[in-house]
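Colleague: Here's a structure for you.
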Amino acid sequence: RVTTRTLWLVMLVSLCVSITVCRASSPQEEDSAMENIVTEKKAEESHRQDSVDLLIFILLLTLTILTIWLFKHRRFRFLHETGLAMIYGLIVGVILRYAIHLPRDVSNVSKSCYVNASPPTLLINVSGKFYEYTLKGEISANEVKDVQDNEMLRKVTFDPEVFFNILLPPIIFHAGYSLKRRHFFRNMGSILAFAFLGTVISCFFIGLLMYGCVTLMKQVGQLHGDFFFTDCLFFGAIVSATDPVTVLAIFNELHVDADLYALLFGESVLNDAVAVVLSSSIVAYQPQGDNSHTFEAMALLKSFGMFLGVFSGSFALGVATGVFTALISFHFYLLRDFQLLETALFFLMSWSTFLLAEACGFTGVVSVLFCGITQAHYTYNNLSAESQDRTKQLFELLNFLAENFIFSYMGLTLFTFQNHVFNPMFIVGAFLAVFLGRAANIYPLSLLLNLGRRYKIRSNFQHMMMFAGLRGAMTFALSIRDTATYARRMMFSTTLLVVFFTVWICGGGTMQMLSCQRIRVGVDSDQDNSRRSTKQESAWLFRIWYNFDHNYLKPILTHSGPPLTATLPPCCGPLARFLTSPQAYENEGQLKDDDSDLILTDGDINLTYGDITVSTDASGSHTSSGLGYTGAATSDDLDRELVYGDHELVMRGTRLVLPMDDSEPPFTDSYNHLRM
């Protein structure tokens, strides 16, 4: 009993002490506990809102995919998947802006704190406790009462860096990785002219026209902020980036002329990179003195030097990363036994190219583009067959999702972005400038290029290229990256309208334009190529490069191509044996990589297709042997064999190798070849 009473007494004393301590510290601890509860509730609400925002975009993509299937099933070609994504984004944007309103809690909003500037971070002392507040953006006077709705709209507005660091890299890499190199290199001179010289012409032409428009707006009192000539040039640079994804999809489906497809695709791939570097060079234009918007020759030369330096540095970095990845896959040959690790390494090295270039002060778009081309040319040949299929399909999937996400976000942004500046005069001037700038790019350059082209760019091709100058993901990403000033906000709002118009009207009218211009469809590109001597069309510089690449770089970086012991002088025998892999000897005499996509010329090449072997030597003589063919092969026979030999079909990221039918002769135009 004594023990029990003692125990009860100790418990009672302890309880009294605890109550006393709690009462003594209750004011501070209760406040702290309440703050923790409020903070946890806010974090939970924020997490729930973020999940809802991401769910909205996933539902948008799901709805887009289902509608795409319906359009393909019904063979509707008047609207592309990107146009559908934009329409669904517009619908959701209208609902979020006008149909959904969160309950207003103005009691939590303080309006009595006045500062002379808008610092990005504020430290506020509230009763001895410091709280950190970050700047979210400017709110107009008539939107102060709708703080909660503004917060919801900000939630569905992504940081522009998300587009550059996450969504753009797979799109640009896929463009380089899936490039049809045979058609690209056959038209390489024209593509480079349109992509580099044409983009610069378009940029300055649009910039000059828009400067005249802005000057007129000032005189009539329609301009309510600063808009300088450099801003006009920047607008010209960002809207010069073409993205004819709608037109190219229809071209591929209808099998339009391969040269027209190559010109449009090659220009769109390269001029995106040129537009990015050009816009950054314009932003970097800084004359000396107080007025940073006056003309100064030295500042102009500095910007031009920056353009060349950034582009060449980005190009070199992209190629170097691709070569480095090829060396890793070449020396770690046993990695082929673990396809998952092989694919993961390829993916990470490819994506890191973009981030590495941005971290070094270069342009990631240029680097990742040429990294993709280099990876396709070298690293792809070192991968196992399963990893080759995986990488093609992986980047095709990422490209599809990222591109449709961007276009759906464009539609959403038209209503959720809170700082739009729509000016009718500027919009009309922009549309006129964009189309006139495109015309100043296509027609004069085509006239000059036709002076040296064997196969001319016909007038109907020029009209189609003029019509197909759609604007898309790159234009949007460049315009949304900086919306801090009045001029940039006006440019962003106008750019959205330009993208909508070109995708819906120009993209939707592709079929009618093809019919109006009487451009052939259903063209078998391989049979069309067999009538041309690709060897004679290629530039002499590229012939030299190809021979060097095939004889020396391919054996060093890949397991394909001739062994170095067969191409290097006898005095270099030990070095050649050291650098040549055993697999190269096993693969000698066979063309393992996709070299038929390139322009093949005379050189030490030995090609084996089925029962037919075609070989060339440095002197240019050709021999052919096989069951179905006898006699010496001519140059035209070799070119035709290079077209028909591998029978590869690259479609939707899958590489199919079709065997040659021995019952049909290899050198006939009636060969039933699957069309790409």
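Just so you know, glycine gets a Cβ as well, placed from its N, Cα and C.
When I checked TrEMBL for this same protein, it listed these features:
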type: DOMAIN; residues: 64-514; note: domain 'Cation/H+ exchanger transmembrane'
type: SIGNAL; residues: 1-24; note: signal peptide
type: TRANSMEM; residues: 54-71; note: transmembrane segment
type: TRANSMEM; residues: 83-100; note: transmembrane segment
type: TRANSMEM; residues: 162-179; note: transmembrane segment
type: TRANSMEM; residues: 191-211; note: transmembrane segment
type: TRANSMEM; residues: 306-333; note: transmembrane segment
type: TRANSMEM; residues: 345-373; note: transmembrane segment
type: TRANSMEM; residues: 394-415; note: transmembrane segment
type: TRANSMEM; residues: 421-440; note: transmembrane segment
type: TRANSMEM; residues: 492-511; note: transmembrane segment
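I'd like to know what surrounds each of these features in this structure.
Modeller: Counting residues 6+ beyond its ends, the transmembrane segment (54-71) has Cβ neighbours under 8 Å at 77, 79, 81, 84-85, 88-89, 92, 156, 401, 404-405, 408-409, 412 in the same chain.
If one looks beyond the transmembrane segment (162-179) by at least 6 residues along the same chain, the residues whose Cβ comes under 8 Å of a Cβ in the stretch are 265-266, 268-269, 272-273, 350-351, 354-355, 358, 364-365, 368-373, 375-376, 391-392, 395-396, 398-399, 402-403, 405-406, 473-474, 476-477, 480-481, 650, 653.
Within the chain, the transmembrane segment (191-211) has long-range Cβ neighbours (under 8 A, six or more residues past its boundaries) at 184, 229, 232-237, 239-241, 262-263, 266-267, 269-271, 274-275, 278, 426, 429-430, 432-434, 436-438, 440-442, 444-445, 448-449.
Long-range neighbours of the transmembrane segment (306-333) within the same chain, counting only residues 6 or more positions beyond its ends whose Cβ lies under 8 Å from a Cβ of the stretch, are 273-274, 277-278, 280-281, 284, 342, 345-346, 349-350, 352-353, 356-357, 360-375, 377-379, 382-383, 557-559, 581, 583.
Remote same-chain residues near the transmembrane segment (345-373) are listed as 164-165, 168-170, 172-177, 179, 181, 269-270, 272-273, 276-277, 280, 310-311, 313-315, 317-319, 321-322, 324-325, 328-329, 335, 379, 383, 387, 391, 394-395, 474 (criterion: CB distance under 8 Å, separation of at least six residues from the stretch ends).
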Colleague: Quick test of the contact rule: Cβ under 8 Å, at least six residues beyond the ends. What residues does that give for the transmembrane segment (83-100)?
Modeller: 56, 60-61, 63-64, 67-68, 71, 152-153, 156, 246, 404-405, 407-416, 500, 503-504, 507-508
